[in-house]
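Some features that TrEMBL has for this protein:
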{"type": "ACT_SITE", "residues": "213", "note": "active site"}
{"type": "ACT_SITE", "residues": "247", "note": "active site"}
{"type": "DOMAIN", "residues": "23-431", "note": "domain 'Aldehyde dehydrogenase'"}
């Protein structure tokens, strides 16, 4: 299927049109914000079956996976912003700290940023929802890889949203580069760190702030007291959901040396119960998004310098199928498997005997977007949280912290910059404007700041500037 790419001239016109809309105040109108959030909610709800079909064509994504990771997040975000709009936009009164301001009004107002660019993957419409809720005009750059999903969104959006409030851009590297040469008031990007560096470079030309939702090598630590079948079920879910193509997917696992065989037995049982004896035939198991990523993953598997394939290892290039694969006895310094984010259904297993040493190894790598821990010990939870760094954490499960929109979601270091979800999304796409309204009286008190400086004025100034 071919996706019509947006021309350079159209990209420039889009930005100019949205800039014109923004200065009229149309996007900041309270009724308009709520209306377009309701329309975005309706877009997804009305066309749910079409999205299931598109994502199945792009990724062989099952209905359950699409519902959990694509449909539900957009519906939940739109509903949250609609139901909490009044409290989100309400001015926040603050108590002045300086004595000279205590009789005056101090408050914070959340205001829209202007025209924002969102570069997203798959059905990532929850971040545009946050941008619209905050009163911005939005350009959405869709993925050129997920062709069917991007084509569907491009077709549907004009039926639900006013084109003066948003624009969709489709294209590859050339179109994205031209897009990034335009001036935006914020750029939001979901993807990998190499592209993120290019985006930051481009954004620096206009001093444009960015939010980056990236990834990294998200580890799992399993302690000896964990229930191994439960561990296997939840790690398999975190690794093989969408064939491992998730920014918070489990990347590798630390297992106590004495429990490796028990873990293998348990996860083998899990995979057979989920996908049958041959996952290739399962309608619930995904495919790699394109042949470039498929070839990268096969190269990682073939060129690894350590480890034995205990489960899986089969692949078919024509259908972009890579079986759920578990590799045991992997060395932490493996130049292929352990260098960068895998982003696919290959699960390295590393054994350990000392959890402090394990935490030290994790800390040697860049901070991951997620960290997972399976334990029944509160002291172990406290220890791991104290001595490691990551964007987010789920204890005794995987992926789930990302789906809880009451929690902020974002990375740290090379796994991301800034955060979003719920109120955090509203803040992401807003400017918090500090406002102080003074009274035109008590001039005798304020005169202490005017020249000429005297000892009496200094004493008074010190008093009024105290907390």
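Just so you know, glycine gets a Cβ as well, placed from its N, Cα and C.
As the structure is a computational prediction, the values presented were derived from the model and not from experiment.
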Three-state secondary structure, residue 247 (active site) (per DSSP): coil
Residue 247 (active site) CB neighbourhood, other CB atoms within 10 A: 23
Reported mean pLDDT - the domain 'Aldehyde dehydrogenase' (23-431): 96
